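Enquirer: Below: one structure in structure tokens.
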Amino acid sequence: MGDSSGQPGIHTYKSLAEEGLFGSVEPPKRPTGSLVMHSMAMFGREFCYAVEAAYVTPVLLSVGLPRSLYSMVWLLSPVLGFLLQPVVGLASDHCRARWGRRRPYILTLGIVMLLGMAMYLNGDAIVSALIADPRKKLIWAISVTMIGVVLFDFAADFIDGPIKAYLFDVCTHRDKERGLHYHALFTGLGGALGYVLGAIDWAHLELGRLLGTEFQVMFFFSSSVLTLCFIIHLFSIPEAPLRDVAKDIPPQQAPQDLALSSDRMYEYGSIEKVKNGYVHPELALQGEKNKNPAGQTRRAVTMKSLLRAPLSMPPHYRCLCISHLIGWTAFLSNMLFFTDFMGQIVYHGDPYSAHNSTEFLIYQRGVEVGCWGLCINSVFSSLYSYFQKALVPYIGLKGLYFMGYLLFGLGTGVIGLFPNVYSSLVMCTLFGVMSSTLYTVPFNLLTAYHREQQEEQRQQARCGGPDGSVRGQGVDCAALTCMVQLAQILVGGGLGLLVNMAGSVIVVVITASAVSLIGCCFVALFVRYMD
């Protein structure tokens, strides 16, 4: 970190802005095994998501949840996530836990996911064993199940931001791209396995009779897979703790104003950047002289500053978030109603008829086929994420982004205008293209933006210009991923009203197609791409 000034025995230190703690020391190349281990969290999370998609509606119906409470169950979690995720993302940028900045949040949210699954899959059985009064049992069963669904959705949505920030902190730019592709690959594989296990009739198998019901069977699989995947993930790549520079400086050397007044006075990356959390005291003092004029006061991380940071993002960050919102709104509009679309529109069944009627059995058959369609979507998402690396040199990130939105818009338009069993299943492959695109391209662009910002900072330092502030990767990952929660709010609050007005669920896929094609224009005209 120091270099010779040309005179023997005399060393000068560069300022922190030039040879500092934010991105100046490149992390080492990560082996493929470490990136695969890091991606196991996405496998476990998506496996549990698929189980929820297959079982949460039967669970809610089995405990007697009133229809009036359905919207509250589905909207409460994304509303909380949208409000809190950027705040917690920025807070993780300043976390000083000994285990690192991101992993404490990942571990906590993983435990909340397990708790939520335990409550919504086993809540009815637990309440039945503890309470005998039928009225109280109904109230408690509904309450426990609802809380479990909200907790699981909240934690599962929330955890994506810390996982991405953890990857960005400890990897080179090239390894970030590789890691995102592995994330998309294992996301698809986890979803596919979850849908397959969810489609099995466990009630008539030995394991189902042993554990009680198919809900307990799926909790056994889900909790086992999630626990194993998160253990592997948390020990995949070392993460250095964030340390206050002032703590490493002897009291007689540290001036009174040596306080951390900005993000760049914290270690911001992998364990190789600062050995054992130690920063050279002279370098810290020299950097502080260059950064903080006399009389500068410490800028505390307050709730006001936490809330202000996501709103002060540069325009190209904001455009990326808007494009991500458009994409997820289109994707969720189709995927959340796809099995219902298959049952009502493609198979012409009736979910409101008697449960022993032909119309209801036909509807159930359509839902089962729709689940296999979602499995096809997950498998093709994994395959496409693998081939994305070969396509990037030819069409670039802009081509990948545009193609994902375009193919999804055309695919949903086809099944909406010409509903057919085989065409719908074939179009599920295009849904996989969109899914893989949403999990990789926006975050690749985000890493490119951060890389450019760090280069500009170093150039300013070399030229003696004013230091620019560096945005924490945690808050930007959180701002991007919370667009998923906002999309859920828009879909949950708007599409139900749209279906009631149109009188048919077919309006859902037409809406998804239109929103996706609008997204094509947006990603082509407004999103900034790096060479």
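Here the Cβ of each residue, glycine as well, is placed from N, Cα and C on the backbone.
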Enquirer: Out of 34-59, 424-449, 476-501, which range is noted as transmembrane segment by TrEMBL?
Expert: 424-449
Enquirer: State the residues, same chain only, that lie 6 or more residues beyond the ends of the transmembrane segment (138-159) and have a CB under 8 A from a CB inside it; answer 'none' if no residue qualifies.
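Expert: Counting only partners 6 or more residues beyond its ends, the transmembrane segment (138-159) has Cβ contacts under 8 Å with 41, 45, 48-49, 52, 56, 59-60, 63-65, 69, 72-73, 76-78, 80-81, 84-85, 88, 105-106, 109-110, 112-113, 115-121, 123-124, 126-128, 131, 481, 484-485, 488.
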Enquirer: For the transmembrane segment (505-527), give me same-chain residues lying six or more residues beyond its boundaries with a C-beta closer than 8 angstroms to one of its C-beta atoms, as numbers and ranges.
Expert: 316, 319-320, 322-323, 326-327, 329-331, 333-334, 337, 340-341, 344-345, 398, 401-402, 405-406, 408-413, 415-417, 419, 434, 445, 495, 498-499
Enquirer: Applying the under-8 angstroms CB criterion, which one of 71-92, 215-237, 325-347, 399-418, 424-449 scores highest with the transmembrane segment (180-203)?
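Expert: The listed stretch sharing the most Cβ pairs with the transmembrane segment (180-203) is 424-449.
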Enquirer: To the transmembrane segment (215-237), which of 71-92, 104-132, 325-347 is linked by the most Cβ pairs under 8 Å?
Expert: 104-132
Enquirer: Of the listed stretches 71-92, 325-347, 399-418, which one has the most C-beta pairs under 8 A with the transmembrane segment (424-449)?
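Expert: Top-ranked stretch among 71-92, 325-347, 399-418: 399-418.
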Enquirer: Using a Cβ cut-off of under 8 Å, list the residues of the same chain at least 6 residues beyond the transmembrane segment (325-347) that approach it.
Expert: 362-367, 369-371, 373-374, 377, 404-405, 408-409, 412, 415, 419-421, 424, 431, 434-435, 437-438, 442, 483-484, 486-488, 490-491, 495, 499, 504-506, 508-509, 511-513, 515-516, 518-519, 522
